[in-house]
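Participant: For reference, Swiss-Prot lists these features for the protein:
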ACT_SITE  Cys158  active site, nucleophile
BINDING   Arg13, Ile14, Asp35, Lys85, Asn322  NAD(+) binding site
BINDING   Ser157, Cys158, Thr159, Thr188, Thr217, Gly218, Arg240  D-glyceraldehyde 3-phosphate binding site
SITE      His185  site 'Activates thiol group during catalysis'
Amino acid sequence: MSKANVGINGFGRIGRLVLRAAVEKDTVQVVAVNDPFITIDYMVYLFKYDSTHGQFKGTVTYDGDFLIVQKDGKSSHKIKVFNSKDPAAIAWGSVKADFVVESTGVFTTKEKASAHLQGGAKKVIISAPSADAPMYVVGVNHEKYDASNDHVISNASCTTNCLAPLAKVINDNFGIIEGLMTTVHAVTATQKTVDGPSGKLWRDGRGAGQNIIPASTGAAKAVGKVIPELNGKLTGMAFRVPTPDVSVVDLTVRLEKPASMDDIKKVVKAAADGPMKGILAYTEDQVVSTDFVSDPHSSIFDTGACISLNPNFVKLVSWYDNEYGYSNRVVDLIGYIATRG
């Protein structure tokens, strides 16, 4: 079977890393990129050099309005570059880009993202939470994808992708009565380098490199959309911290069935080695955040950081590269829906 042809709208952090993940995984073919704010020579530069993930271990050049991305042992990608501000005006069909990754952060509703369908795309995957598009988390609920009705879908958030696999394993084995999540989250592009105005969210406007910033996140509540039996049982918040990448979920839950920490470790390890292999990982090492830069998993369970007050009340800790792990799941989700017709 031929590989799915993919277009990327928005060549920012996630757009570029989706392309890196696509090259590395070699399961989809990227045929187009649209970004109205970046010239093609600048795209080459931004893709080649990355302060967080390092220099691209291959070659990237351009020929006319095509990006050429190559890496030894992997398929090469000849990528048509568009520069349209209007998603409806991008000629995805001209390069047979059936699947479009919407990674601008702007067109996150079904109505806005469906503009890509006018240009010839068949499916749109929003690389962010969506207010109304169905959300799929690979390894958790991706098999509920409905090819005949789901033309615009969301890959949820990086934090939901970390939390949901862990919550599913714990809920399936022990039952979750209720829980609170905190994500200690790396900085992202929406934050300020120094103090500045930030609409109604005043704290978000404080200097990202100087502060631990409490922030809201819908990631825990979104798990209830992905795992319906947990709807209304989880909520959470975030602390933005001055690190460039890698975040960590702290999930504190009350369990229906009592469980020792060893019981919990066993079921998480079984899932990581079995049905969630490649999505959920498991470590007993004395790790810190930089150990997970460029880690392709959604969630890496840290046994040494977990604690238990009693067999029904536990705190569980799981790491994630909020950029690269998430981008890998975007590619996996496309690979899956491409097989569903």
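From the backbone N, Cα and C atoms, a Cβ is placed for every residue, glycine too.
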Participant: Using DSSP reduced to three states, classify Gly218 (D-glyceraldehyde 3-phosphate binding site) as helix, strand or coil.
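Facilitator: Gly218 (D-glyceraldehyde 3-phosphate binding site) sits in coil per DSSP, no helix or strand.
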Participant: In angstrom units, rounded to an integer, how far apart are the Cα atoms of Cys158 (active site, nucleophile) and Lys85 (NAD(+) binding site)?
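Facilitator: Cα-Cα distance, Cys158 (active site, nucleophile) to Lys85 (NAD(+) binding site): 26 Å.
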Participant: Using Asn322 (NAD(+) binding site) as the reference point, find which of the recorded positions His185, Thr217, Arg240 has the shortest Cα-to-Cα distance to it.
Facilitator: His185
Participant: Using the alpha carbons only, what distance in Å do you get between Ser157 (D-glyceraldehyde 3-phosphate binding site) and Ile14 (NAD(+) binding site) once rounded?
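Facilitator: That comes out at 11 Å between the alpha carbons.
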Participant: Go through Lys85, His185, the listed recorded positions, and name the one with the sparsest Cβ surroundings, counting other Cβ atoms within 10 Å.
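Facilitator: Taking Lys85, His185 as the recorded positions, the minimal 10 Å Cβ count falls on Lys85.
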Participant: Could you say which of the binding-site residues Thr188, Thr217 has its Cβ with the most other Cβ atoms inside 10 Å?
Facilitator: Thr217
Participant: If H, G and I count as helix, E and B as strand, and all else as coil, what does DSSP give for His185 (site 'Activates thiol group during catalysis')?
Facilitator: strand
Participant: Give the distance between the Cα atoms of Arg13 (NAD(+) binding site) and Thr188 (D-glyceraldehyde 3-phosphate binding site), rounded to the nearest whole Å.
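Facilitator: Cα of Arg13 (NAD(+) binding site) to Cα of Thr188 (D-glyceraldehyde 3-phosphate binding site) measures 9 Å after rounding.
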Participant: Look up Asp35 (NAD(+) binding site) in the DSSP assignment and reduce it to helix, strand or coil.
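Facilitator: DSSP assigns Asp35 (NAD(+) binding site) to coil.
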Participant: Can you tell which of the recorded positions Ile14, Asp35, Lys85, His185 lies nearest to Thr217 (D-glyceraldehyde 3-phosphate binding site) in space, using Cα positions?
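Facilitator: Of the recorded positions Ile14, Asp35, Lys85, His185, His185 has its Cα closest to that of Thr217 (D-glyceraldehyde 3-phosphate binding site).
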Participant: Kindly assign Arg240 (D-glyceraldehyde 3-phosphate binding site) to one of the three DSSP-derived states: helix, strand or coil.
Facilitator: strand
Participant: Can you tell which of the binding-site residues Ile14, Asp35, Lys85 lies nearest to Thr188 (D-glyceraldehyde 3-phosphate binding site) in space, using Cα positions?
Facilitator: Ile14
Participant: Measuring Cα to Cα, how far is Asp35 (NAD(+) binding site) from Arg240 (D-glyceraldehyde 3-phosphate binding site) in Å?
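Facilitator: On Cα coordinates alone, these residues lie 28 Å apart.
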Participant: Let's check the environment of Asp35 (NAD(+) binding site): how many other CB atoms sit within 10 Å of its CB?
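Facilitator: Other Cβ atoms within 10 Å of Asp35 (NAD(+) binding site): 24.
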